[in-house]
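*Asks:* Have a look at this one.
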Amino acid sequence: MKTITLNIKGIHCGCCVKSLTQVLTELDGVQSADVQLEGKANITFDENRVNVAQLIEVIEDAGFDATE
């Protein structure tokens, strides 16, 4: 397992946090996602099942901007 912190733009409220947490944790290979209102997400994932580019893509598909 690997843990990464991503910077996320576009998180404005608790609903954004909940929505993004749900999208990430539903992704195959993600063990946990701690999304913070301050624009950070700590994600623990299995590198053999998902990669950072896929995490960023899912976040962007949900309407947010993400960078490492």
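Note that Cβ sites are derived from N, Cα and C of the backbone, with glycine treated the same way.
Residues annotated as metal cation binding site in Swiss-Prot, with sequence analysis given as evidence: C13, C16. Per Swiss-Prot, the feature domain 'HMA' maps to 2-67; the stated evidence is sequence analysis.
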*Asks:* Counting Cβ atoms within 10 Å across all protein chains shown, which of the binding-site residues C13, C16 comes out on top?
*Replies:* C16
*Asks:* What counts of helix, strand and coil residues does DSSP assign across the domain 'HMA' (2-67)?
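*Replies:* Output for the domain 'HMA' (2-67) reads 22 helix, 24 strand, 20 coil.
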*Asks:* Per-residue pLDDT averaged over the domain 'HMA' (2-67) comes to what?
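*Replies:* Mean per-residue confidence for the domain 'HMA' (2-67): 96 out of 100.
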